[in-house]
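See structure below.
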Amino acid sequence: MTSQAPNSQERVYSVYVGPFDPCPPVPCKTYVVPPHLFLGFQPPNLPQFNLTEALRIGTLWPALYSTYTPHIRGGN
Amino acid sequence: MWVYEKKLQYPVRVCKCDVRMAKYLIEQYGGADGELAAALRYMNQRYTIPGKVIGVLNDISTEELAHLEMIATMVYKLTKDATVQQLEEAGLGAHYVNHDSALYYENAGGVPWTAAYIQAKGDPIADLYEDIAAEEKARATYQWLINMTDDVDLQDSLKFLREREIVHSQRFREAVEILKEDREYKRVF
């Protein structure tokens, strides 16, 4: 198991590549670990986005903000 | 009771005529981890959960209905002007035969929604853990949906919905923490 920088919202793991795999192997796969998994009970007085920004992205708190970039196995 | 506000929670814009996406988006409309399942699950579980966390289930289930409306809008926009041939090419031929362009509570594979998708165990921890799992599954579904389209406007709305799943998951996790705490017991000492 390999992992990226601890603050990254993505984790990488390597996958066994068999000698007779029918399709081109994808040696590394990723999954998302959004920030709420590490927050615990939300502490008071966290920094906030401004209201326009918060309404656009769906959360008031940067601590809960998770970006998602389209990611397709085998390339976009 | 509820008060209805005649606008969407977040604007839904679809800039690409891609009927295929309508078939996939239906997963979040009438699928096992979709918005309807989420709304009905929480709205039902709230009766038999400790008072301290009823509000969380009530508020989140209400918001899920707002999300349901957004998904419905996306699907409607993508299918309202589609020809029968376009529907058929998008894999919606069977849907057309049964429903024309009407929306229906079914998953991306055309399987109708069923109450068997949701549980109410009556155990607060079991129910909240199911709710957390439901939010993570919905988040994942939104990720795969975002991957399936290059329509940036549609992606934008889907990213908003994905972020809301994260916030909901956080609130359910906090609800578990509230129920784990035994404040009244501590007061005895």
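Note: Cβ is positioned from N, Cα and C throughout, glycine not excepted.
As written in TrEMBL, here are the features:
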BINDING   B:GLU35, B:GLU64, B:HIS67, B:GLU135, B:HIS168  Mn(2+) binding site
BINDING   B:ASP59  Ca(2+) binding site
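Within 8 Å of the Cβ centroid of the Mn(2+) site, not counting the listed residues B:GLU35, B:GLU64, B:HIS67, B:GLU135, B:HIS168, the chain contributes B:ALA38, B:ALA39, B:ILE60, B:GLU63, B:ALA138, B:LEU161, B:ARG164, B:GLU165. A 10 Å cutoff on Cβ-Cβ distances gives B:ASP59 (Ca(2+) binding site) a total of 14 other Cβ atoms nearby, all chains included. Comparing the Cα of B:ASP59 (Ca(2+) binding site) with the Cα of every entry in B:GLU35, B:HIS67, B:HIS168, these being the binding-site residues, the smallest distance points to B:HIS168. B:GLU64 (Mn(2+) binding site) falls within a helix when secondary structure is assigned with DSSP.
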